Structures are given as C-alpha cells and as structure tokens.
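Report on the following structure.
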Amino acid sequence: MRPDGPTMAAPEESLRRRKTGYSHPESESPPVPGRDPAGSPAHLHAGTFWLTRIVLLKALAFVYFVAFLVAFHQNKQLIGDRGLLPCRVFLKNFQQYFQDKTSWEVFSYMPTILWLTDWSDTNSTLDSLALLGLGISSFVLITGCANMLLMAALWGLYMSLVNVGHVWYSFGWESQLLETGFLGIFLCPLWTLSRLPQHTPTSRIVLWGFRWLIFRIMLGAGLIKIRGDRCWRDLTCMDFHYEAILIVSGNLSFLNWLTMVPSLACFDDATLGFLFPSGPGSLKDRVLQMQREIRGARPKPRFGSVVRRAANVSLGILLAWLSVPVVLNLLSSRQVMNTHFNSLHIVNTYGAFGSITKERTEVILQGTASPNASAPDAVWEDYEFKCKPGDPSRRPCLISPYHYRLDWLMWFAAFQTYEHNDWILHLAGKLLASDAEALSLLAHNPFASRPPPRWVRGEHYRYKFSRPGGRHAAEGKWWVRKRIGAYFPPLSLEELRPYFRDRGWPLPQPL
C-alpha cells in the first residue's frame, strides 16, 4: 500500500528543511548580535581586513613612538645647535653646494621641514618635531584609528629628521620606517577618525604593498647573505651572529619590531580576531555585522569611494614604477643593501648581515688630569657609555626597541679609523670641556664633580664574552678584553680648537 497524506509528508518536509537550512520565518527567533542562529559564538569570515588595519596602525604607531622618543632624548646632543654634527652646518653646506639651484630643487633633493624654520634655534625645532610626532603616534597607538592627514604628518615629521640626521640616521631601518609609514597613509580614510570607517574598507592594493615590502626585505636579506660572507655558505655564521640576542638587546634599534609590521598584512580578520574581545557592541561584533551587510547587498558607489579607488590604483602604479631599480638590484650580482633610490624613501632596497664580523672591537675613551699625557704615572680613567661594552664587569644591556645612536656609531667607528669619523674628535673636545649635553649621552663621567680632564684619548680593545664557569666569569666579568693599540692619541682642548673652526663647529667652553 502506497502511503500518502499529510501524516507522512510532514517528516519528509522537515528532513528537507534540515538539509537545506530552511525554516519558516514565523518559527525563527531573531539572531543575537555576535552569535549565530544556533546560539554559539559567531566566527568572523575570511577575506576582510577591518581588524587587520587596526593592528597594523597600532603596530606602526608603536614603532613611530619609539623612534620619536629616541629623537626627543638624543637629537639635541647629536644634531642640535651644539651637537656632535650640527644639522645647521649640514644644511648650510648642502645649500652652498646647490647654490645654483632653485629653492624647490634644493627641497626636492632633501625634503625636510627644517628648510622652512629659523636655524638660529634648531634645538627648539628638533624638540617640536619630536614632541608632535610623539603626540600623534600616541593617539594612534591608544585609539587604533587614524586618517591620512595624521599618518602623512608622522611620515613627514620623521622624514624631516632622517634627512638632516647625517650619519646618526644613515641606517636601513630609517628608510624602512619611512616606506612602511608611507604605505600606512593609504590605509586610512582622508578625514574620518574611526576604527571601523564603514565607507573606507582596507585597500587590497595597500595590503599588497605591505606584502611586497616584507617580500623584498626577506628576499634581500637572503640574497645578500648568499652573495656575501662565505660563512653563510659554510653554515658557520650563526656561531657569531647570535653572540648577542638581537631583538632583545636592542643592538639593531627597532628594526626587528618594524619588520613584523608589514607581515601583519598577510593576515585577515578571521586570523587576527583572537586579539579582540567578543561580545555585543565589540569591534569584533561590529565587523561581523559589516561582513553580513557586505554579503547581503553591494552598496552604491559613492564619489569619495571612486576617488579613493583612483588614488589606490595610482599608488599601485607608483609602487610598480619605483620597484624597477629595486628589482634590478636584487637580480644583480653586485647587490647593494639598505639603499634608497629617491629622496622620499618610498621604495628601497634592504638586506642585513651580508658579512659577519668574527670579533668585537670597541673604542674606549679615557681622560686624565695629569699635566703630562705621556708620563708613566698618568692615571687614565674610562668613560662609560649607556649600552656599548666598556667595563668588563658590567652586564650587557637589554633596551630593545629603544636605541642609543652614539653607542651604535661608536661600534662602527671601531671598524675604521678616527679620520673616517671626525665626530669622535668633536666628542673628545666636549669631554675635555665637560660639556653637559655630550655627557648626558654617557652613563658614567669619571670627572663628575671634578675639574675636566686635561687630556682625552681613544684606546682600541678586542672584546669576547667570558666563558661560563671560567676564571673571568667567576670574578664577575661578562667580558674579556685585550688592548689592540691606540685609536687616537692624547688630545688637549687647545689642540682641537683649529679643528673645530675648520668644520664650523661651536667651540666648547670648559667649565
């Protein structure tokens, strides 16, 4: 007998509904925000980048904050009115070199706000730029929202410092921060300050710009190693590379932290959602609702959206054009690392540790109050820097992501001679005068509360870590050092005065 009738049809219809997910509207209860219809916590869909943008902006703002903090604490001593390499002298020399060029041409060669300021008080200008950068980066870091104007201001402020920073700002992480910061401008809406600007979704072109950046960083770093030091091919470089833990020690400034920033563009909202709290009204809940709205209907194009899309396409074309010399450099057997090809530092070439130093040498500055520097009974006392090795008993510092620029350049100076680093003689002159600004960059002045030294010299030492359980370690020494020889001879303040005048440096006045 063939069954028919409603009694058997009802179970079959119920089964079809369970398979297709269909149910009568009157039998459904309205979904709770942040939860799916079954009542379990809702999951973000893949393919959107609203939360990714917030994480990117916060991470970039953090690096900016550290960079401007370093600038505020150290720029006056390094490039200020009476700094080791005054930016006023640098600007005047640059202006004189391009004296036959128009003001715009000079600005385009070296764009910096300092061209527009009064050079009679560069200390105040440098502090103002750093404080403004600290304020803006703090706002973005705390709130997680920004617009193009704020991000462009951060980029312009830091570029202004980099371009007058001389050797203190001559390393790859400065250009890397500027390129990362330039891309960060296009992450945001023009005016709106909102963590989730509904009409400004994260541009895929900008995301691919970040991915292209991290790809070049990683590829460049790998290629320069293969083409560089033989120890990379012998698999022995790591014996020396990790003699200090780089990301913790701060030996490479904020470079490692900065390199993480563009890699965040590889993760969407579904991946990074765990970083945000759940619940009704939360950012995660709002993103989920926006995802549902986007899936439900395509919004009508707005004029601002069309303009923004055109700007993003133009950005993509610009990045592609500026990438040509970068790609050619990567393919070249004579690859150059950490170089920018334009004054705006937009698309650069990167690479690190193409060669590895097998030993650590340091310049130790010493002073004596003896009237005769060559007397055998002259007592020479060491100046201690804030982070670089000096006293063998002092523990290596851990300051990352902060950075001591003078300590870093002192390490580089140890690879060369003082003739290649004239600023070190300027530092010696300032120590002979007990200059307060210069001494603020050091950790220990052996002549504090005493008259300044009569002579200052530089000694060259080779440093190695003491072996755990060895004699030196038992004596509480972290380092074992051995004198190589003199780095520069004993100098007096009177001997240095003509040297200062020739370079336009302010003459230090002894206390």
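Every residue, even glycine, has its Cβ placed from backbone N, Cα and C.
TrEMBL entries are annotated by machine, without manual review.
Here is what TrEMBL records for this protein:
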DOMAIN    169-244  domain 'Lipase maturation factor 1/2 N-terminal'
DOMAIN    346-489  domain 'Lipase maturation factor 1/2 C-terminal'
REGION    1-38  region 'Disordered'
TRANSMEM  50-72  transmembrane segment
TRANSMEM  129-155  transmembrane segment
TRANSMEM  205-224  transmembrane segment
TRANSMEM  244-267  transmembrane segment
TRANSMEM  310-331  transmembrane segment
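Under 8 Å from some Cβ of the transmembrane segment (129-155) lie the Cβ atoms of residues 54, 57-58, 60-62, 64-65, 67-69, 71-72, 75, 113, 161, 178, 181-182, 184-195, all in the same chain and six or more residues away from its ends. Helix first, then strand, then coil: DSSP counts for the domain 'Lipase maturation factor 1/2 C-terminal' (346-489) stand at 30 helix, 40 strand, 74 coil. Residue counts of the domain 'Lipase maturation factor 1/2 N-terminal' (169-244) by helix, strand and coil are 47 helix, 0 strand, 29 coil (DSSP-based).
In this model, the domain 'Lipase maturation factor 1/2 C-terminal' (346-489) carries an average pLDDT of 93.
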